[in-house]
Amino acid sequence: MAAGTQQDGCKTMPALSPTSAPIGTLGSHLARRLVQVGVRDVFSVPGDFNLTLLDHFVAEPDLNLVGCCNELNAGYAADGYARAKGVGACVVTFTVGGLSVINAIAGAYSENLPVICIVGGPNSNDYGTNRILHHTIGLPDFSQELRCFQTVTCFQAVVNNLDDAHELIDTALSTALKESKPVYISISCNLPGIYHPTFSREPVPFFLAPSMSNQMGLEAAVEAAAEFLNKAVKPVIVGGPKLRVAKAQKAFLELANACGHAVAVMPSGKGLVPEHHPHFIGTYWGAVSTSFCGEIVESSDAYMFVGPVFNDYSSVGYSLLIKKEKAVVVQPNRVTIGNGPSFGWVFMAEFLCELAKKLKKNTTAIENYQRIFVPHGVPLRYENDEPLRGNILFRHIQSMLNGNTAVIAETGDSWFNCQKLHLPENCGFEFQMQYGSIGWSVGATLGYAQAAKDKRVIACIGDGSFQVTAQDISTMILQKQRSIIFLINNGGYTIEVEIHDGPYNVIKNWNYTAFVNAIFNGEGKCWTTKVRTEEELINAIGVANGAEKESLCFIEVILHKDDTSKELLEWGSRVSAANSRPPNPQ
């Protein structure tokens with residue numbers, strides 16, 4: 001399988017440009033390799049150790065260098081880009097840049113995203129000389145940054161010698177794609193422009209050997225799972241976040257079409273399972289599941305979880321009413337039936353495709369769901385001067401969604417409100433549930449919008465999160481993006497309040513629209529407004545989708561500090577209980 005743009009299980013080589021930058025140097029080789037694996041935009045912050053490398057990226061005609069306001073946002077942008085494009089990349093400088101970006105790289109690692117983190121490193125002559133360099137902690141040992149990255153990347157390449165640079169770079173890129181995890185590449189600052197024979201021709205597209213299941217294990221796993229599910233009365237299938245890393249979305253849909261079982265999604269898998277499917281029943285999140293979904297899943301006599309991650313957040317403080325003996329758990333390369341047996345080296349997409357041929361049609365669970373389901377009540381429309389409420393806001397956001405939009409949900413109450421949005425066919429959806437780093441969404445919106453230019457991103461960001469990473473609104477405007485950002489101003493860290501309240505959860509209020517206008521400064525296309533009522537919200541959405549449809553639109557929404565979804569109230573109390581468990585007696 002050749003490396004290239006991801007197409008849900010297939011990778012195709014992009015056509016190589018005949019107008020490529022001059023070949024023969026390390027810098028030009030790395031630039032071409034990034035293009036070949038599907039990267040078109042690299043998010044960067046310049047520093048003296050990476051400047052000559054950036055020159056080569058600028059010279060590559062198929063590569064766009066996107067300058068960010070800080071390294072953390074550059075990493076978040078590469079994360080968002082990888083979600084839309086299949087792979088992302090960022091470039092920072094040695095140690096001061098590397099240690100700044102590392103939080104974003106850790107988040108990408110937790111979410112199984114192939115992000116290429118490139119660092120401009122020290123001059124190759126300085127290694128082993130006992131010299132102390134700037135941008136370091138004042139020790140002659142230059143390995144601190146490398147040691148930090150070893151815990152959050154799947155491969156690390158320190159390129160300080162041209163003889164093995166070609167091999168190290170290609171190994172790093174191919175490992176990122178195969179493992180679907182970030183990698184770290186350090187390039188000595190004096191090497192990018194030097195000619196070397198190993199770079200003397202256009203890079204030959206490297207080949208990624210396809211991963212094939214153990215055939216006997218695959219057959220045994222399919223037979224065992226089919227027997228387990230076919231004897232069940234009301235089986236259910238639940239999709240999880242590792243559908244992405246396994247590139248198994250199409251296989252999952254094939255299985256859902258074949259078996260007729262009710263189909264749910266874990267919260268962190270939202271956007272990976274088609275919600276327009278006739279058997280889709282909603283988000284399974286234990287006590288805070290969408291209406292009637294939790295009852296159907298937890299009352300089933302057999303459920304198959306495909307690519308799940310069960311952590312304290314997704315399990316609502318370890319309170320799921322799920323029994324292991326009733327579950328088939330399908331991970332990217334392993335299938336476990338009940339309490340056993342377990343089958344290794346069985347790959348998810350192959351397993352689901354083969355299982356689809358063996359399962360009997362069983363629509364009992366979806367029929368039960370349709371029998372008990374009661375449609376949501378429609379919130380009343382309020383008077384023009386009545387303060388806006390959260391449920392009204394998200395009712396109007398729902399009406400904005402179509403196949404040409406994508407939703408980015410920041411950590412906080414937006415998690416819960418956005419889970420209740422019903423995604424039309426081809427509507428994207430992203431949030432960072434495993435790592436849950438507040439502020440992620442600003443950079444991720446930048447990166448996702450840069451990768452998916454055919455979609456208009458709708459970002460729901462709380463005021464507390466926005467204050468962490470607000471600067472890169474600047475980069476969105478510079479890149480002529482047209483996202484719509486709903487800044488939800490409720491005066492603090494609402495999600496933390498519902499877990500454990502204290503004065504530290506209240507933040508200094510900003511004039512957010514004035515802040516964004518100051519960044520805009522009359523250059524580019526940007527429109528801002530502040531809304532307090534439903535009537536103002538309706539007008540703002542009309543302008544954002546009409547006169548300002550080609551602009552970055554920033555809509556500050558004023559909500560009451562206690563206007564909280566019932567799901568967050570329930571979830572917060574359960575997570576608080578899990579966090580506050582006393583020590584086990586010795």
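Including glycine, each Cβ sits where the backbone N, Cα and C put it.
What TrEMBL lists as domain 'Thiamine pyrophosphate enzyme N-terminal TPP-binding' is 25-130. Feature annotation from TrEMBL assigns domain 'Thiamine pyrophosphate enzyme central' to 222-339. TrEMBL lists 432-556 with the feature domain 'Thiamine pyrophosphate enzyme TPP-binding'. Taken from TrEMBL, the feature Mg(2+) binding site applies to Asp463, Asn490, Gly492.
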| said: Return the average pLDDT for the domain 'Thiamine pyrophosphate enzyme central' (222-339) as a whole number. | reply: 95
| task | Identify which of the binding-site residues Asp463, Asn490 has its Cβ surrounded by the largest number of other Cβ atoms within 10 Å, counting every protein chain shown. | result | Asp463
| message | Counting by DSSP secondary structure, give me helix, strand and coil numbers for the domain 'Thiamine pyrophosphate enzyme TPP-binding' (432-556). | response | 58 helix, 26 strand, 41 coil
